[in-house]
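Let me begin by presenting the structure, written as structure tokens, before commenting on it.
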Amino acid sequence: MCGICGVVGHRPATPIVFEGLRRLEYRGYDSAGIATLDEGRIERRRAAGKLDNLAAVLETQPLYGTTGIGHTRWATHGAPTENNAHPHGTSRVAIVHNGIIENFETLRTELEAEGQVFETETDSETIAQMVDYYLAAGQSPREAAFATLRRLEGAYAVAMIFAGHEGLMIGARHGAPLAVGFGDGEMFLGSDSLALAPLTRRIAYLDDGDCVVITPEKAEFFDHTGEPVERKIQVTALIAGAVGKDGYRHYMEKELHEHPLVIGQTLQRMVDPATRKVVLPPLPCDLATIPRGVITACGSAYYAGMIGRYWLEEIARLPIDIDVASELRYRNPPLTPGSLGMLISQSGETADTLAALRALKAIGLPVLSVLNAEHSTMARESDLVLGTVAGPEISVASTKAFTAQLTVLACLTIAMGRARGTLDEAGEDELVTALLDLPGKAAEVFSHQADIRKMAGIVAEARDVLYLGRGSAYPVAMEGALKLKEISYIHAEAYAAGEMKHGPISLIDRTVPIVATIPSGPLFEKTLSNLQEAKARGGRLLAFTDEAGAERLSAIAEHTIALPEVHPFVTPVIQTIGVQILAYETALLKGTDVDQPRNLAKSVTVE
Ligand code: F6R
């Protein structure tokens, strides 16, 4: 959500900042802009829409200077126009901001009364105008920046540069991430280590409330009280090449094809190859005795959590409360003392999930987080992190992170079952074997891509699509529906197959395709009956099943995909890959912007 990149150094700033923005564009693409200091003067170039529009502006109106900041925007306050694009500024200061300034109306009224003239509708411009006001009153950049930051309420990551102060940049974070990159005679600021990946691997993350004053030689950190503090420099494992498309048409296509790899990598981290046992790091609680678990997350990560609930309840007999983070946070549920909080997030920065983490910790629950970004805010604030080894996920729609999350949750379930005595050695071995078979089986799913494409031909013609599943196949249906909505803009709803007769069956006619996730197993017959009910009312059935279920389904479905046969425990992983490919193929037919669908952004750092 909004990307920030900045540099102070000795090389031309614009190409460095622009490349950083390219790597951050997945965070927002409503507009983009760069400001530099050209012989001490602030110069800005901005453009509505994607970065290519900014590139065109820079072609005809280049920006010079070795100190610069840039921004890709996901609009919150104010339309996504050039005028509302960041950097915001005056002749004295330019700023870029990610987050929401909640008290901006009060501050704006105050500043306007003092004679400051605003140019935009954004909350962010308030920061620039306030710094400008203090600078005009004779304060130094550091004083003006610190005085402004003390007045802001809400969430922000911000970077500022100041006219007449080459080689100076001030950054701050409160609720939105910001990282400092250490180079040789040059320093960088970025929303995440991905932005800085080709520039440096030496990164320090700001803590909440921190400010940083950066010059080409050093970074001075200050905590929320203004006291100087040290922030550890970490060496990131990211390499620049990890974020190319590798010949695929889209990041999403590349990331879909990485399912087998990330499942395998994640298993390598969690299963001891010698003993074939799941090995967890030291835990913040005793798995054998916890009374309940609380799972929370947003979007796709929440659906992964729902599958985790089926597993943990059935196999480890652990009662689970689950809710989306934005609801759990404000519902103030009476949680059982001693319960284990479990969070799931690819980015580790999602504001709703982070707020839920803090709420769980505030009532004294230990928090275990399943995270892909291991240097994220959630990673720092959790009691234990179980990492998904999915690598950078660039496509806004999540794919490979989801199956990596399922892999971790499956391993956690096995460890819990063992600790709680609900899974014996043979049972553990059976489930671990099922997991170890997964990478190969996941790769086999792609042999059905051409058939799934035919299915997509029907889906792409529809205005509405229903997804149905039972048991752990129900959250898979939800994931399929979300992915279709996100990237093809077709309305899709997922229902627990047994619920259809309680209402949504009235929607069924020839124009509403029904995508069923129906693996063979104990729930097969009941789901099949629900599909028969839909068929009897003229519904067009499209089924994801497996080899064992294919014959029965072929008799009633217009298209049946017989996904590879796997242990019932892991069918949700295989089925997920199927429905994600369907969404991708449909989006291709619709000609939408697959990697950067409209109105969305990755890493949603506002509530
Ligand atoms: C869907 C999608 C979103 C994210 C959600 C949570 O394709 O990408 O629904 O799953 O915004 O994001 P993280 O996992 O970063 O907390």
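Yeah, the Cβs are placed from backbone N, Cα and C, and that goes for glycine too.
Curation does not apply to TrEMBL; its annotations are automatic.
Per TrEMBL, the feature domain 'Glutamine amidotransferase type-2' maps to 2-217.
As annotated by TrEMBL, active site, nucleophile applies to CYS2. The Cβ of CYS2 (active site, nucleophile) lies under 8 Å from the Cβ of ARG27, GLY28, HIS71, THR72, ARG73, TRP74, HIS86, HIS97, ASN98, GLY99, ALA176, SER191, ALA601, THR605, each of which sits 6+ residues away along the same chain.
Sequence annotations record features per position, and here TrEMBL assigns domain 'SIS' to 283-422 (among others).
Per TrEMBL, the feature domain 'SIS' maps to 455-597 (among others).
Its Cβ placed at the centre, LYS602 (active site, for Fru-6P isomerization activity) has 24 other Cβ atoms within 10 Å. The active site, for Fru-6P isomerization activity annotation in TrEMBL covers LYS602.
Mapped onto three states, the DSSP output places CYS2 (active site, nucleophile) in coil. Restricting the average to the domain 'SIS' (455-597) gives a pLDDT of 95.
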